[in-house]
Amino acid sequence: MGQTFHAFMFPWFAFGHMTPYLHLANKLAERGHRITFLIPKKAQKQLEHLNLFPDSIVFHSLTIPHVDGLPAGAETFSDIPMPLWKFLPPAIDLTRDQVEAAVSALSPDLILFDIASWVPEVAKEYRVKSMLYNIISATSIAHDFVPGGELGVPPPGYPSSKLLYRKHDAHALLSFSVYYKRFSHRLITGLMNCDFISIRTCKEIEGKFCEYLERQYHKKVFLTGPMLPEPNKGKPLEDRWSHWLNGFEQGSVVFCALGSQVTLEKDQFQELCLGIELTGLPFFVAVTPPKGAKTIQDALPEGFEERVKDRGVVLGEWVQQPLLLAHPSVGCFLSHCGFGSMWESIMSDCQIVLLPFLADQVLNTRLMTEELKVSVEVQREETGWFSKESLSVAITSVMDQASEIGNLVRRNHSKLKEVLVSDGLLTGYTDKFVDTLENLVSETKRE
């Protein structure tokens, strides 16, 4: 083991960012390092159960300043609907004084951050090294976040001709466009100004995209692996869902989860429900209530609950996704293909059906479907609309034992998972990354 160090972590205030940062913090703490985790107070309460080393990982609360347009009490992106997201980044920027004060008082050796592009300036002022630890895919960073690139257009030399936006993806780019452009500027600025770049991925999945980023930014890109939580270290699956799933045959249940960022229009939500119903398979759906509906039940299609009461559950609340995917009765995962969910799907034994909504999810989906060929994508019309029929066809194509495409993606998925779970591969990424940080900190102290 190298010299122990003290790292600051300042992730973007979204749970899809904070959670993998905390998983990495646990790995660092396991090796004897200290971490100060800078997040809002409310998020601290929601994440503390994931802190496996509370003596080594200390939460440092930040107060979110008031910004016109930001609802009172909002501290993370999950507190506000997408149209209001634009108001939170300026509020996060206003925490800079608090971050500087913490750096001055606690003297970390290293600061890990992702979207707060001013962190390298603070780090340099206090003679601390900065590392941009990115939790979105190298595929999408290389496509949308390189200097001089045009959003939505593959830059020169991009290492894939298959990972492209198509006409029907316009909805994903438009719905996210203003926020995504600002996000893009922040990320590119951070990548250009930080001392080191690291990404939550591995070369077996995204090696050529990581190499492309190294050439674009003239910096070594360090990889941590997927940084998934340790199995069996959290709470078990809730009894009510475990008992419900036990009532179905092995591999027969369709599990649908679209992430906390996706809120469907009511008509599209109903099409989702009807499409899954059309398969005739048992199903478990966990999505946020659609726009204009206070509860999921308010928005369900007429007669739906009565028709599916013995074989379907539709929830508008958070669920234990990794544990549901691991249940023997679950055989298909219908996902938005956020990067965390992408990894969880790969590490599961489920057939994978993808229904992306945001720009990075589209590219993740093309990686899974076109490059790796481990999944199928739900077909959309040019307007971006997906029909109940197209959804049902996609699910049935992978669940039908006689389906050629179903057998192809099953074989490819099985081979890929076999590589990733081979002895020492993913733990090797973690160990090598921690060794790298120890060496970087030691070299910095000798400068």
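Residue 1 is the first one shown; counting continues down the chain.
From the backbone N, Cα and C atoms, a Cβ is placed for every residue, glycine too.
Taking all protein chains in view, 23 other C-beta atoms sit within 10 angstroms of the C-beta of Ser341 (UDP-alpha-D-glucose binding site). Look at Swiss-Prot and you will find Ser260, 319-321, 336-344, 358-361 tagged as UDP-alpha-D-glucose binding site.
Ranked by Cβ neighbours within 10 A across all protein chains shown, the binding-site residues Ser260, Gln321 are led by Gln321. Less than 8 angstroms from the CB of Glu344 (UDP-alpha-D-glucose binding site) sit Leu228, Gln321, Pro322, Leu325, each of them six or more residues away in the same chain. There are 24 other Cβ atoms within 10 Å of the Cβ belonging to Gly338 (UDP-alpha-D-glucose binding site). DSSP gives Ser341 (UDP-alpha-D-glucose binding site) a helix state.
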